[in-house]
Amino acid sequence: MSSSSFLSSAAFFTILLVLHPGFCHVSDGAQHATYIVHMAQSQMPSGFDLHSLWYDSSLRTVSQSAQLLYTYANAIHGFSTRLTPEEADSLMTLPGVISVLPEHRYELHTTRTPLFLGLDVHNADLFPETGSSLDVVVGVLDTGVWPESKSFSDVGLGPIPSTWRGGCEAGTNFTASLCNRKLIGARFFARGYEATMGPVDESKESRSPRDDDGHGTHTSSTAAGSVVEGASLFGFASGAARGMARRARVAVYKVCWEGGCFSSDILAAIDKAIDDNVNVLSMSLGGGTSDYYRDSVAIGAFAAMERGILVSCSAGNSGPSSSTLSNVAPWITTVGAGTIDRDFPAVAVLGNGKNYSGVSLFKGDPLPDKMLPFVYAGNASNAANGNLCGPGTLIPERVKGKIVMCDRGVNARVQKGEVVKAAGGLGMILANTAENGEELVADAHLLPATAVGEKAGDIIRHYVLTDPNPTASVLIRGTVVNVQPSPVVAAFSSRGPNSITPDILKPDLIAPGVNILAGWTGSKGPTGLASDARRVEFNIISGTSMSCPHVSGLAALLKSVHPEWSPAAIRSALMTTAYKTYKDGKPILDVTTGKPSTPFEHGAGHVSPTTAINPGLIYDLTTVDYLGFLCALNYTPSQIRSVSRRNYTCDPSKSYSVADLNYPSFAVNVDGSGVFKYTRTVTSVGGAGSYSVKVNSETTEVKISVEPAVLNFKEINEKKSYTVTFTVNSSKASRSNSFGSIEWSDGKHVVASPVAISWT
């Protein structure tokens, strides 16, 4: 099974390639590896007319055979190439070379949501569908696009925005004529991938912007797909499918291939997207964590931010473990995942008369109208981990004609069903283990199957192992809506604290990411399995890969209404208006524990676009603020230059503090008794008004005070500052995490910031 098939068959797209916490350094097994070389643009000798000529000359100094893979002008200043470690060390000594960093490999983090988010006809007047809304361009870095999808219809759209500088690149199975007034840009980037992995295998995937995986079509149509009436997956989730910013334009940048997404290609795509003039960049990919000056996504996102481009990234699918976040730079909007109020029930019926509800997207002939023999996979296998239903582990004689119970873990959920079917099983009950708890993610299985939570799984397992003649069946129930409680934080959604900068709270917020319907490729079935010959126009999948483009599209909506807002202002509006409680006032739950979630899981809360349109106050940030943040991290001039592409010197007379970055949230790391001060500045975007502060805290061990307690604004765009003081009494401290919020309100707006207090 290819890596791409595995990624697609897993209902949520996650795989951090490496066993250690950092990125995967990629080489070809020989001495050569790809390196990204950051150059000090201003130090180009006068004898060169073009930077590319200087780069090539510098490269020739250390290697006569090396070739430039890419030259970069926007995301970074520099180039990428293949070198030996010794050549890389030699290059580092040359004038004008800031850093020589090894290639990293990233992986993908894999209709009702507009209604769930309040984007229905009743709120249509909040987001105009003429003028500026038609000029916003959402760029998506992913696996490409299936241009024939109805989600990219340009019916009703006017001319391509005059500000657009992009293009449509031809390649395998893709012509420039496939772009239109909706899909206005399509490019692909494979040089970095091919330098390490060899030529793209065009018998398996298209060397072009065409999406043979499905992930990229799903994310781009989620962000900004056109309205498609009568959309569904086999009749499940039937209705009108539409992207968040359905009138925005889409530009796709294919950077992910069967072997992964390579940082030299990602940087080249960001570089081109900046030049093309996108307004929002959506990236549902990641791969561990690293310091910002070594993180290509963070570096490219910094350059995009400077050009006024909001960058939205998936938080990762490594939950429910703590400190598992990806894409945590403060100039990136980091998005976790929650459920929506729609489900796809499928009942596990046992011979003892008990029924247990699960989920499934199976469509096909139902099971015989009778109870069937039931067997536990662990008892139908000679393999030590036979309970997991891995390929080749089941004994056909023990499963033929039976319902088989498999445990979740290790291999893809849909692959387990494929294994059961191949061995002659008629149906499957898939049980969660402790890692996934009660989280239910639906799949388009190849045979009648239902996935049940851990509690039901334990009961069913006890039955099948102890009853002398166990029997079972599976009943598929279709689609139900208005499921409560919703949202709940998904178990797979990566969690804080932020392992790179603990004083910056991440994720920023959560958005719908479980069982999401959106456009799909025509090259693969809904499971992504090679044996799946079914073809669908829409698919239902899960992951922070799905929540990220929701926020990307919502950012595009806000940009259309407030074109003057910076990326930080848009993120602030989304964060400070996010909700943390249900309509009955009870807190949003974490599906893993069944208990209230915390800011380490949900950030500022669940996105609420209809209130974000008018937040009252915003926390804005400029490039200079982020440079001060890098100074607060004690970055060297060279490291700052790697991130910011400029020669910036921290003021030795100034005291820099991460706590003073004007972020819409507060993360306090306590190492004993003391006083911690955080300064913030808010800008009125709602006009004149008087805002009073309210502090909520679940602990008495840390006193939180705000000065001043009232902010009076006389006009729009007026700025006011305040200071939050956290006073710690270590003699009372339990040294456990505690949470709260700081809310400013004028009676009309509530501008809320989450607080997370942790002990180091």
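Every residue, even glycine, has its Cβ placed from backbone N, Cα and C.
Taken from TrEMBL as is:
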{"type": "ACT_SITE", "residues": "Asp142", "note": "active site, charge relay system"}
{"type": "ACT_SITE", "residues": "His215", "note": "active site, charge relay system"}
{"type": "ACT_SITE", "residues": "Ser545", "note": "active site, charge relay system"}
{"type": "COMPBIAS", "residues": "201-216", "note": "compositional bias 'Basic and acidic residues'"}
{"type": "DOMAIN", "residues": "34-109", "note": "domain 'Inhibitor I9'"}
{"type": "DOMAIN", "residues": "385-459", "note": "domain 'PA'"}
{"type": "DOMAIN", "residues": "660-757", "note": "domain 'Subtilisin-like protease fibronectin type-III'"}
{"type": "REGION", "residues": "199-222", "note": "region 'Disordered'"}
{"type": "SIGNAL", "residues": "1-24", "note": "signal peptide"}
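Mapped onto this structure are the features recorded in TrEMBL.
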residue: Asp142; record: active site, charge relay system; Cβ within 10 Å: 27
residue: His215; record: active site, charge relay system; Cβ within 10 Å: 29
residue: Ser545; record: active site, charge relay system; Cβ within 10 Å: 33
Per DSSP, what is the residue count of the domain 'PA' (385-459) in each of helix, strand and coil?
23 helix, 17 strand, 35 coil
Integer Å distance between the CA atoms belonging to His215 (active site, charge relay system) and Ser545 (active site, charge relay system):
8
Sorry to bug you, but what's the C-alpha spacing from His215 (active site, charge relay system) to Asp142 (active site, charge relay system), rounded to the closest Å?
7
Helix, strand and coil counts within the compositional bias 'Basic and acidic residues' (201-216) (DSSP):
2 helix, 1 strand, 13 coil
